[in-house]
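Notes to accompany the following structure.
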Amino acid sequence: MADKSSSNAYWSANIRIIMTCMVIWFVASFGFGILLRPMLSGISVGGTDLGFWFAQQGSILVFLALIFFYAWRMNKLDAEHGVEE
Amino acid sequence: MDQFTLNMIFVGGSFALYIGIAIWARAGSTAEFYAAGQGVHPILNGMATAADWMSAASFISMAGLIATVGYGNSTFLMGWTGGYVLLALLLAPYLRKFGKFTVPQFIGDRFYSQKARMVAVVSLIIISVTYVIGQMTGAGVAFSRFLEVSSDTGLYIASTIVFIYAVLGGMKGITYTQVAQYCVLIIAYTIPAIFISLQLTGNPIPGLGLFSTHIESGLPLLTKLDQVVTELGFAQYTTLNSSMFNMFLFTLSLMIGTAGLPHVIIRFFTVPKVSDARWSAGWALVFIALLYLSAPAVGAMARLNVISTIYPQGTQADAVLYEERPDWMRNWEVTGLLKFEDLNGDGRIQFYNDKNEGFAATATERGWTGNEFTYNNDILVLANPEIAQLPGWVIALIAAGGLAAALSTAAGLLLAISSAISHDLIKSYLNPGISEKGELLAARISMAGAIVVATWLGLNPPGFAAQTVALAFGLAAATIFPSLMMGIFSKRINAWGATLGMLAGLVVTCAYLFTYLGMFFIPGTNLLEPVAANYLFGIPPASFGPIGALINFGVAYIVSMMTAPPPKDVQDLVESIRVPKGAGAASSH
């Protein structure tokens, strides 16, 4: 295992990335899809509004992007800290 | 060739394929039986996870659920996919690094406690058994409808097929059959969806068709749908007709529950490396999204089609004559999933919302004396090819697809149950000296036993199968998810904290559900009526998962702070699962 300080830096960098992703996860689904929908009602998408689109499709696409971003970013972080497999 | 022969060919062909794979992918060791020897490519594991996860509920029921309520039931779409973000970021890579075979094993080792491990085994078995009942009954129903056998006979056939490939192949056999089952189910779902989208909007991609223009009326499809449903007294499709609070909480409950389902989590033990576990979660969601992006389109378009079948000249004109109803309605009337009753004796089928008091005047004016047409939501997917007048082989494909969805999920659940029994109960607790060969035999016997129990429960469904799914998600959210997360992200949570936290989550969640839905869901034994006025802070039983999770987190934290921190070697274990380096093959000890 890498030394303690490097390992701590790796872990806190990971936590930061996770937190950022979780904020986006929350905003795209619970935010745009549910709570903020009334605020987005002015933006129309195919016969309805943006909030409806986020609830039925947009959130899923954002989830996909998040998971692939996380996998890519963490593989890079692993290499930077020399903890890759 | 008649429809029955086509169904037999498609269903029989897919079954022959599954059994062929099972014989090819026999498990020769416990590592292969529990985790497919950790040699599964991340993309293949993604496909297997998608099939493992998408059950009869996703394949047959979800589009209908969305179609009936519209926007408000987007909860299923967000909830059942958003859980994969939690899995990918918070659980999967670390559990793969830990490198063992079962969820209770992680909990037992991380919290250095047989008690914690046993509480996890109990939770896992309750979650998976309640979940498997729905799969077995679903498979039985699909058989009886498409192969014209009784649903009991259908259930025996389904059990036999699962028995052959799950007992023989374990996780290895299940993985590769799930890959095949995914291909069958996604093709079966997509082909009718493409045709129906082309017919209504001219757009071959159903997910885009949903937001395109309805060819016949020239209006956007969703505007047209809003118009026709409100003209029949139903609530608007694209607006929220329940409370925002409920929608929020139910979505959260589905997400956390999804991330805590043991049969999904163990799929991530099967890939070779930590980075593969990260990628694999992404691939799983890609394959799930292929169905989930089509589902809301299938639902909306099928509902529009049903209404235009009944009102061929538009909702303002007369309804169709019963004698002139299309063939698909005649076919499905036989199954009882469609019902027609001519209340006003005019020979026409009036379909409208007779519960809407604001619409009563319009109905009276048009001479309607009540809604005359009812349908089961599942029909929107099952009859989709017939509504869109597609050839017989597409109908046969739907039969094979529905069965693939039910069987693949059942097999994953049965594996989670049998590995908990043979590995966590027998190997770690009852008979630690058991040999590798003995454990493999025990795993196969546990699997066979689990299939027998699941079949029995499928034959004698406890009459509340729909309710039990709420229990499975609620318990997964309240027990497994918080414990795994704390085990990874905290070094301070100790044996007592984890054990009592899980127990508290388990007991409080069961108590809340039983209070409103009956003791062990037995009708009539509920203490309070399941209506909003009685709910604690207005929380419906099906949305209780996040509260159970909070209770687990809270109890675990407080108890851990009051007792000694975990020993050094456990803290080192947490350090080691946090970095990918050194993830080797799994070991059973």
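Cβ atoms are placed via backbone N, Cα and C, with glycine included.
Here TrEMBL flags B:6-25 (among others) as transmembrane segment.
Residues or ranges marked as transmembrane segment in TrEMBL: B:77-95 (among others).
Within the same chain, residues 55, 103-105, 107-108, 261-263, 409-410, 413-414, 416-417, 420-421, 424-425, 428-429, 450, 453-454, 457-458, 461-462, 465, 468-469, 471-472, 475-476, 479-480, 483, 495, 498-499, 502-503, 506 sit at least 6 positions outside the transmembrane segment (B:116-133) and bring their C-beta atoms closer than 8 Å to a C-beta of that stretch. For B:116-133 (among others), the entry in TrEMBL reads transmembrane segment.
The transmembrane segment feature in TrEMBL is assigned to B:153-170 (among others).
If you look up TrEMBL, you'll see B:182-200 (among others) marked as transmembrane segment. Sequence-distant neighbours of the transmembrane segment (B:182-200) (same chain, 6+ residues past either end, Cβ-Cβ under 8 Å): 14, 47-48, 50-51, 54, 59, 206, 208-210, 214-216, 221, 287, 290-291, 294, 297-298, 301-302, 304-305, 381, 384-385, 387-388, 390, 394, 397-398, 400-402, 404-405, 408.
Sequence annotations record features per position, and here TrEMBL assigns transmembrane segment to B:247-269 (among others).
Among the features that TrEMBL reports, transmembrane segment is placed at B:281-302 (among others).
If you look up TrEMBL, you'll see B:393-421 (among others) marked as transmembrane segment.
According to TrEMBL, the feature transmembrane segment maps to B:441-459 (among others).
Taken from TrEMBL, the feature transmembrane segment applies to B:465-488 (among others).
For B:500-522 (among others), the entry in TrEMBL reads transmembrane segment.
Positions annotated as transmembrane segment by TrEMBL: B:542-559 (among others). Outside the transmembrane segment (B:542-559) by six or more residues, the chain places 246, 249-250, 252-254, 256-257, 470, 473-479, 481-483, 486, 493-494, 496-498, 500-502, 504-505, 508-509, 512-513 with a CB less than 8 A from a CB of the stretch.
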Among B:247-269, B:281-302, B:393-421, B:441-459, B:465-488, stretch most in contact with the transmembrane segment (B:153-170) (C-beta, under 8 angstroms):
B:441-459
Run the contact check on the transmembrane segment (B:6-25) against the transmembrane segment (B:393-421): 3 or more C-beta pairs under 8 Å, excluding pairs closer than 6 in sequence.
yes
Apart from its near flanks, which chain residues at least 6 from the ends of the transmembrane segment (B:465-488) lie with a Cβ under 8 angstroms of it?
57, 86, 90-91, 94-95, 103, 106-107, 110-111, 116, 119-120, 123-124, 126-128, 130-131, 133-134, 137, 253-254, 256-262, 265, 497-498, 501-502, 505-506, 508-510, 513, 517, 521, 541-542, 544-549, 551-553, 556, 574, 577-578
Near the transmembrane segment (B:500-522), which residues from the same chain, at least 6 beyond its ends, have a CB less than 8 A from one of its CBs?
107, 116, 119-120, 122-123, 462, 464, 467-468, 470-471, 474-475, 478-479, 482-483, 486, 493, 528-530, 534-536, 541, 544-545, 547-549, 551-557, 559
